[in-house]
């Protein structure tokens, strides 16, 4: 796995780091659930059975204990744990789809899902697929229009729309 | 033999050129609906409902149920090709279906999935044909305690089957339970873990989590490995159907088990989603190739698909005989029945025999027509993987966003989906198993409600779960299933030099 | 026919105007939806509200009462809060209407969910849904009096009442019945939907229910359930035979059977808060057309509804009174949100 490190870029995080981070994430979730369960009651009521907080409370407890074990297992340095989990090239590639995805979702709030999807798909094709602009524009427009027809016109499922659709009467 | 005569009468009604055309149209629409995670079967059926007012009730229901079959078939396609379950019951299909596609066997996985869907559905229809009255009575035996027992059994049959760390499995499963409990508590009407946020009142919806964890998580992993999908370069061969069918007969035991599990869950009404998980879990435990499950084993596609479809079909039975819809789609069909002047309930079979038997006959025919149609299209579906990754990746993100949005019509869910995507990627990387999380999310809420309803009924006495043979039997079976890994380990130990249990 | 022709021409005009994206003042005399109208059901599938909403959808489409399609969606999460909050959040979108049941009042009171009926604009009351006390037909109770005596004679919480949801109409009716049982309480078991409740009673997992007529009529006709009394001031006016022997009108009122409890549930339509009078008028008109169809009459009879149509100020007054009635009932039963 770790043979071609040079080719795969600078290491960013080891499995150990990630394991610790995820275990801590679990512990935070556990704390939130426990606090709220205590608020709504975790006891066994006569004639009624458990109160609403009982199940989440014990589930959170089990999760907390398991995560502590996971944390404890992850803490000591080991060869396995020191292996690179994420490197700069991999992260860069993931960012290449994820960061635009975040922008795409953000843009949906303002210009509607169809327009922002057209830009998202088109831009991705041009920058990462090295497609010529006209091909990217055709494909992305095509996908958006097919989906528009499918959802808005045929199946009448309303999706977020922006000023362009409004101008077209939708 | 009355049933056979009645069924023949039904075929006489259903078998006309006009009705076959309706089936073809319905199934085509259904497959499209099943492929797109944003469109549920309920949408498609609801939108076509008005069109059917000019038809006879039998023709109308043939068209609408064909959409239902189509959607059931279609759900498997995206699960196998892109790891995105188009419908909740296709989640278990991704476990082995997607690895098969990555190994270049997408066509085999698709053929396997479609064929087993067909087998499951036909088995369930046969059950409806001959045992409807008996089965309807059986469903009445299910009170809260029995529901909980079934849900417990589903968990138990699935637990401890993952490879990797047991503690990671527990953490993952409990996270699923915690997520399921967010929102309004059904039993007391208390708000849980909403912290004054209106968006959280709805809780975390299963489909949003699944689209993020599986779909977006998979895209991230694929991107990290390079700009491609594994298996994209597989050659397209036209003999996929024959090649796959040759492998299927030796899986007869898996088929049979999944059919039984599916019918049972469909009638009780546990639903298609738990049925698919249970089918997968049992097959993994009992199959000779169980250890390879999760790496791309055809049997791992067959087991959940058969169970899901048997359940999806059997779920129509409580709708017809008891008037309880087993799924949102069934609920819309129920509304249709009312508008056509048919009152679902115990008397439907007596008062409207032409309609009921026409419907049952159309179930047979619809599935045959559907199977032929989807099998012919397998090479086309598999060819989707050859579309350049830089087109398919953003298009998948778009489709996922649409799917997440339509669950509640809320942008909040789209953001949630992205967050679940990151979580899914991390879980994959660190070998936290996703199936327990997903199953806990589906069943957590229901299981908790049933448990507390049972406690209300029994005044807090846990003995209620062993108060009759049905409930006690299922619970005991569940306990056996839950401790199965421990039992096998013990047996191996007693035998002396047994292999190290795989849970280690 | 003439009227239909007219409306078609108007429709073409509207479509043309919309597609040419002219904000045309020519249509000022009346408002019509320019995109599909969403009908929100703040309840799950299969219940009374769900059946009625899907029926309305069918009638609208069958008789072509609206040019734009009507889309029905269930938003039953959080005891209906999901649906109502969506209505509240889309105050400026007149293309959304909601069908309500009693959870319009009970959910905000019982859970503290941040909305009340004033966050929406009342359109029309379509009908009032009845509640009937049901028992399994294999039990010996022939009248409400028999059953109440049995409850009184039993131990506390011995009898199980099944119902839809928690701290909602079914449990409120149950609490009201409990006032007449010498302090003996029911064990109230909440289920997800009315259809399921009826089946649970057939399977004898509970002792009685207060299902709406339409939720249990199929089981009554099949001889599996027996109605004891109806929670209304007067007997039902429907006299056509439903079973071999009985009609809805043959069911005695609870009051005449010695159980002085009355409760009925609103089946009404609301639209979003900032809807203009013209928009409300459109929906009132639409509802009037629906109520006039023969299918609607048949549906009302099948479900033994109390057919009272109200709109405008009368409707608003009714809703205001119902709000305070529920606040009062729930306070007495101890169902108010504690936060």
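Glycine residues also receive a Cβ, built from the backbone N, Cα and C atoms like all the rest.
As annotated by TrEMBL, domain 'DUF112' applies to B:20-439. On the 0 to 100 pLDDT scale, the domain 'DUF112' (B:20-439) averages 83 in the predicted structure.
Positions annotated as transmembrane segment by TrEMBL: B:20-49 (among others).
Annotation source TrEMBL lists transmembrane segment at B:61-82 (among others).
Positions annotated as transmembrane segment by TrEMBL: B:109-135 (among others).
TrEMBL lists B:147-164 (among others) with the feature transmembrane segment.
Annotation comment: TrEMBL describes B:170-188 (among others) as transmembrane segment.
Per TrEMBL, the feature transmembrane segment maps to B:200-220 (among others). Residues 37, 82-85, 88, 91, 94, 98, 179-184, 191, 193-194, 393, 396-397, 400, 403-404, 407-408, 410, 413, 416-425, 427-428, 434, 437-438, 441-442, 445 of the same chain, all 6+ positions outside the transmembrane segment (B:200-220), place their C-beta atoms under 8 angstroms from a C-beta of that stretch.
Among the features that TrEMBL reports, transmembrane segment is placed at B:255-283 (among others).
What TrEMBL records for B:322-343 (among others) is transmembrane segment.
Annotated transmembrane segment per TrEMBL: B:355-384 (among others), in sequence order.
The feature transmembrane segment is assigned by TrEMBL to B:396-427 (among others). Same-chain residues lying 6+ beyond the ends of the transmembrane segment (B:396-427) with a Cβ under 8 Å from its Cβ atoms: 36-40, 82, 84, 86, 172, 199, 202, 204-205, 207-209, 211-221, 433-434, 437.
When Cβ-Cβ distances below 8 Å are used as the criterion, the transmembrane segment (B:465-484) is approached by residues 141, 145-146, 148-150, 152-153, 155-157, 159-160, 285, 454, 458 of the same chain, each at least six residues removed from its ends. Here TrEMBL flags B:465-484 (among others) as transmembrane segment.
Using the rule of three or more Cβ pairs under 8 Å, pairs at least 6 apart in sequence, the transmembrane segment (B:61-82) is in contact with the transmembrane segment (B:355-384). Sequence-distant residue pairs (6 or more apart) of the transmembrane segment (B:355-384) and the transmembrane segment (B:170-188) include fewer than 3 whose Cβ atoms are under 8 Å, leaving the two stretches without contact. Residues 88-93, 95, 116, 119-120, 123-124, 127, 135, 138-139, 142, 146-147, 150-151, 153-154, 157-158, 161, 248, 290, 293, 299-300, 302-315, 317-318, 324, 326-327, 435, 439, 442-443 of the same chain lie 6+ residues outside the transmembrane segment (B:255-283) yet bring a C-beta within less than 8 angstroms of a C-beta in it.
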